[in-house]
Amino acid sequence: MAFADRLLAAWYAGHPALALLRPLEALYRRVVTRKRARFLSGESASYRAPVPVIVVGNITVGGTGKTPMILWLIEHCRRQGLKVGVVSRGYGAKPPQHPWHVQADQPAEQAGDEPLLIVQRTGVPLVIDPDRSRAVQALLASDAPDLILCDDGMQHYRLARDLELVLIDAVRGLGNRRCLPAGPLREPAERLGEADAVLFNGAEADRDDGFSFRLQPSALINLRSGERRALDLFPAGQALHAVAGIGNPQRFFNTLLGLNWQPVPHPFADHAPYSREVLSFSPPLPLVMTEKDAVKCRPFAADDWWYLAVDAVPSAAFSAWFDGQLDRLLPGRPRP
């Protein structure tokens, strides 16, 4: 297990040795708290877009199901007759310049895996730039969205936001509730109280402190042919290689177990690069990966490589709440 993986596991398990890092944690907390205070007071300037901006992010390190939720928000807004644009940091992407408009036929190395996935799945206009406010301005210069979704960027206060949605893994929660580097929190836990909504990935039902949502497997997609097959393509007990380079690989492996398959787990670092050689495992078995990994592997995929398509399914209460927020932010919006 790589050092980063061991550290992540320690954060969520609450390893006692992390107490040694608390002096650094105290310094980190002061820095991030002061940064936020500067923007809230107006001491540091934020850019406010002429259309509503909805930030979808988290305060923890590690995967929370953010990309599937963004896909759900895009499609939900479209069903309401709204045009949606997306901005993202584009973690790991190496575009020729910033800001960069992502197109569906660009390589993942240039566009970033998550932005490319979003564009390939939905076709929305999407701009990547570490400076999210600059990304929004570039998006508005080329398109006319009714609203903009900011993929992550919870801590990017240079971009003013009209709505904040925070996602949390319901199983791992906030770990030991410590800030970096003594724990997995990017901001103190009290920050959750300032968000407009908290969504718990994998919660059985809505909670007093937030809404629930789950990730529902929908199909197997062949990387080479694009063929879409039902989940009964593989019988119960099927052994297969499982590849996940996401923030929480175990969640993906657990999903495969829940489908009654027998995955041989191959966890990789989030946003990891791949090659045919790296993914040539023994014994020869079908290979199933996440959709996020698939956007990087299509150029060299084998015939028996598949990705598991998953869809976010939020609670009915969240859907109703979100529609109310759209009414507030866009009072003259079209009705379906």
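Yeah, the Cβs are placed from backbone N, Cα and C, and that goes for glycine too.
The ATP binding site feature in Swiss-Prot is assigned to THR60, VAL61, GLY62, GLY63, THR64, GLY65, LYS66, THR67.
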Taking the centroid of the Cβ atoms of THR60, VAL61, GLY62, GLY63, THR64, GLY65, LYS66, THR67 as the ATP site, which other residues of that chain lie with their Cβ within 8 Å of it, listed in sequence order?
ASN58, LEU167, ASP169, ASN201, GLY247, ASN248
Hey, of the binding-site residues listed (GLY62, GLY63, GLY65), which one tops the CB count within 10 A?
GLY65
Protein Cβ atoms within 10 Å of LYS66 (ATP binding site), excluding its own:
22
Within 10 angstroms of the C-beta of VAL61 (ATP binding site), what count of other C-beta atoms is obtained when all protein chains are considered?
20
Test of understanding: give the count of other CB atoms lying within 10 angstroms of the CB of THR64 (ATP binding site).
26
Could you tally the C-beta atoms, other than its own, that fall within 10 angstroms of the C-beta of THR67 (ATP binding site)?
25
